Amino acid sequence: NLWQLGKMILLETGKIPAKSYGAYGCNCGVLGRCCYVHKXXXXKLTGCDPKXXXYSYSWKXXTIVCGENNSCLKELCECDKAVAICLRENLDTYNKXXXYNYLKPF
């Protein structure tokens, strides 16, 4: 769910997601690709709601580990994990000035 996604982003990037990415207006470049891939992963899910379904995961040795028997919830966890890791891997392209723009469709 959105809360779990936010917590994963915080764990991976050290940034408060709502403040740092909630209104991040640059949907181009790497950040846009991270979000686009996440949106596409979530759109492929069947049998669970990406915004409301809760899944289990843990943080072990600085790594997110998805632990779910339900295949849809496991895939959802993996989608959220992937976007959090993508954002972490691209922190060098994060532009604080773009954090207050309105979201633009991509």
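Glycine is treated like the rest: Cβ placed from N, Cα and C.
Feature annotation from Swiss-Prot assigns site 'Cationic membrane-docking site (MDoS)' to LYS15, LYS19, LYS104; the stated evidence is similarity to another entry. Annotation comment: Swiss-Prot describes CYS28-CYS35, CYS34-CYS86, CYS48-CYS72, CYS66-CYS77 as disulfide bond. The site 'Important residue of the cationic membrane-docking site (MDoS)' annotation in Swiss-Prot covers LYS96. As annotated by Swiss-Prot, site 'Hydrophobic membrane-disruption site (MDiS)' applies to LEU103, PHE106.
LYS96 (site 'Important residue of the cationic membrane-docking site (MDoS)') sits 30 Å from CYS66 (disulfide bond), counting Cα to Cα. Comparing local CB density within 10 A for the disulfide-bonded residues CYS66, CYS77, the maximum falls on CYS77. Using a 10 Å Cβ-Cβ cutoff, CYS35 (disulfide bond) registers 18 neighbours. Following the DSSP three-state reduction, the secondary structure of CYS48 (disulfide bond) is coil. CYS66 (disulfide bond) has CYS72 as its nearest neighbour among the recorded positions LYS15, CYS34, CYS72, CYS86, going by CA to CA distance. Ranked by CA distance from CYS77 (disulfide bond), the disulfide-bonded residues CYS34, CYS35, CYS48, CYS86 have CYS48 at the top as the closest. Put simply, of the disulfide-bonded residues CYS34, CYS48, CYS86, the one whose Cα is nearest the Cα of LYS15 (site 'Cationic membrane-docking site (MDoS)') is CYS86.
For the recorded positions LYS19, CYS34, CYS86, a Cα to Cα distance of within 10 angstroms from CYS72 (disulfide bond) holds for none. In the structure shown, the C-beta of LYS15 has more C-beta neighbours within 10 angstroms than that of any other entry among the recorded sites LYS15, LYS96.
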